[in-house]
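Novice: Got a structure here, written out as structure tokens. Questions coming.
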């Protein structure tokens, strides 16, 4: 490619970025509905989570049912357990985590990977950390999303999104956005990863950096701050805060103070509001108490979606050793090859 063509391409890219930035300056910001500091608590077997949605402070925030920022030591994890009526989105930040379910689906998530799981009418699975050379815990985020009533009894399904498939927006030298789902600064990502429409962004903002992220007006939006501190609506928030926004503007707007000692690292997530009741008991989510009662009956009887749960137990539920990692990694390679052939 000639030097002239390269220069012209860069000029076009810079011009487009400038147009996007100028447009974002004119949007109205959403105001904060509520914020909370997320405290650490136990979950699963020996795992530690900081939960925002799914607590007394924010029971749910339609379509969102739960958000956990998890840290899982090698001997801990989330052994065999059921789900019905929701989708889960697991985003791995650090380490590796293995998964297995009663349909025979297995695999490993690596840093930067995501898994979108639709529980639908029923699934039983396990999520366990892979041993790390330094013995460090696995870190990630798990989000539970409600399913529309007409899809609560759909068939279970999985979609993996690997780190290499996630586009990155860099509007300037202080802001980087991993565009997991949605559109940010002119960069658009994969659509239809979940049945319920979701926009999911992972931001890293350096000291002195400012950001503006637009969302559809019918989306509920929240932010969870993993590291650093952030100023939104004139108020500064430290690490582990969750912010929930009103539907009174076009975008979430914020900045990192210039005198901050580190970058702010946070997820910013929006989802289409579902006009339906939320009745939840543990991993079962329905629109009525009768539905919850039926879910427990079906799980105990191995019926109506839970037939494969009868007598099933995962291979990884009691821990993942080096041999299991080897086997699961080989399956991942085969699945990746098949996916490449389909494209």
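Note: Cβ is positioned from N, Cα and C throughout, glycine not excepted.
A quick note: this is a predicted structure, and the numbers were derived from the prediction, not measured.
Relevant sequence annotations retrieved from TrEMBL are reproduced here:
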BINDING   81, 83, 125, 127  Fe cation binding site
DOMAIN    47-145  domain 'Pirin N-terminal'
DOMAIN    200-304  domain 'Pirin C-terminal'
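For each listed feature, how buried is it and what is near it?
Specialist: Non-local contacts of residue 81 (Fe cation binding site) by the CB criterion (under 8 A, 6+ apart in sequence, same chain) comprise 124, 125, 126, 283. Under the three-state DSSP scheme, residue 81 (Fe cation binding site) falls in the strand class.
In terms of DSSP secondary structure, the domain 'Pirin N-terminal' (47-145) contains 0 helix, 61 strand, 38 coil.
Taken residue by residue, the domain 'Pirin C-terminal' (200-304) breaks down under DSSP into 13 helix, 51 strand, 41 coil.
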Novice: What mean pLDDT does the predicted model reach across the domain 'Pirin N-terminal' (47-145)?
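Specialist: Looking only at the domain 'Pirin N-terminal' (47-145), pLDDT averages out to 94.
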Novice: In sequence order, which residues at least six apart in the same chain have a CB under 8 Å from the CB of residue 83 (Fe cation binding site)?
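Specialist: Counting only residues 6 or more apart in sequence, the Cβ neighbours of residue 83 (Fe cation binding site) under 8 Å are 117, 119, 122, 123, 124, 125, 283, 284.
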Novice: When you tally the Cβ atoms that lie within 10 Å of each candidate's Cβ, which of the binding-site residues (125, 127) has the highest tally?
Specialist: 127
